Amino acid sequence: MVEVRVPATSANIGSGFDCLGVAVNMYNKFFVEEIEEGLIFEGCADKFKNEDNLIYVAMKKCFDKIGYKPTGLRIKIESDIPVSRGLGSSAACVVGGIVSANELAGGVLNKKELLDLAVEVEGHPDNVNPAFCGGMTASISDNREVIYSKVKVSEGIKFCALIPDFTLSTEKARAVLPKSIDYKDGIFNVGRTALMISALNNGDFHLIKYACKDKLHQDYRAKLIENFYSIKEECEKLNSLGVFLSGAGPTIMVMLREEDKDFSKNIKSFLETLKNKWEVRELKIDKLGTVVNNRKV
């Protein structure tokens, strides 16, 4: 049996739209084995127990590339990453499927080939790269080649995810974005993305609040998330380092100093006054990324 663990990811980190992403210690686990025949799923809803399941789609893509034909598969899923909340659940399924398929087939593909294949299936390197490699990454696609660099994050920082009880599909969140942007808005984000990386590198945490600002995606998507601005304002009052929309949302991610012991309790009290239910979850950066059979890929 192959066991794969993949972390959740939070993409964009404010100004770093479609390029920055970070892995956090919330995980999906996949247990896969080859059987005599058939396709058996465990741990997911009945509507996902078929060949359209994203994990199986990713596995088949890998098998086809390698030229391996399993006689049958049993796929067990233990999921801790909420779906359609902006925490990289799709990326986790794709990475988990491809890595487990490659392992079943004898480990034919190398790390670069696995990564390129995962981005081809999932389409979002800002989620796939940190899920695969761990830590924070800056990613681009250049002539269909996936290129990334790990971002050094100074010690002393943690995250807090505010996860609502409602979902928001990536497709819907993409649909509200403009077809074009002003030149000045592009410059606004480029500068702040550079500032974010530098601030995290050097431990200049007081600069993060400026680097979280953007003009490319968050304001457009905020209208899809009830009470986004009031929650953001409350987080800022509680001395957060920065607040941003996690991926396409609706989860709101907060950056905090590691020694901050009061934020979670205080923001939870505020969220309880709102219409929707919100889960408050403190998180750390996952530095390992995807692990297969207890070893880093």
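The backbone N, Cα and C atoms fix where each Cβ goes, and this holds for glycine too.
Since this is a predicted model, take the numbers as computed values, not measurements.
A coil conformation is recorded for Gly88 (ATP binding site) in the three-state DSSP classification, outside any helix or strand. Among the features that Swiss-Prot reports, ATP binding site is placed at Pro82, Val83, Ser84, Arg85, Gly86, Leu87, Gly88, Ser89, Ser90, Ala91, Ala92, with the record citing sequence analysis.
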Taking the centre of the Cβ atoms of Pro82, Val83, Ser84, Arg85, Gly86, Leu87, Gly88, Ser89, Ser90, Ala91, Ala92 as the ATP site, the remaining residues of that chain with Cβ inside 8 Å are Ala8, Ile81, Gly247
Cβ-Cβ distance under 8 Å, sequence separation of 6 or more, same chain as Ser84 (ATP binding site); the residues meeting this, in order, are Thr167, Leu168, Ser169, Thr170
Gly86 (ATP binding site), Cβ-centred 10 Å count of other Cβ atoms over all protein chains shown, is 30
Among the binding-site residues Pro82, Gly88, the one whose Cβ has the most other Cβ atoms within 10 Å is Gly88
Comparing local Cβ density (other Cβ atoms within 10 Å) for the binding-site residues Ser90, Ala92 points to Ala92
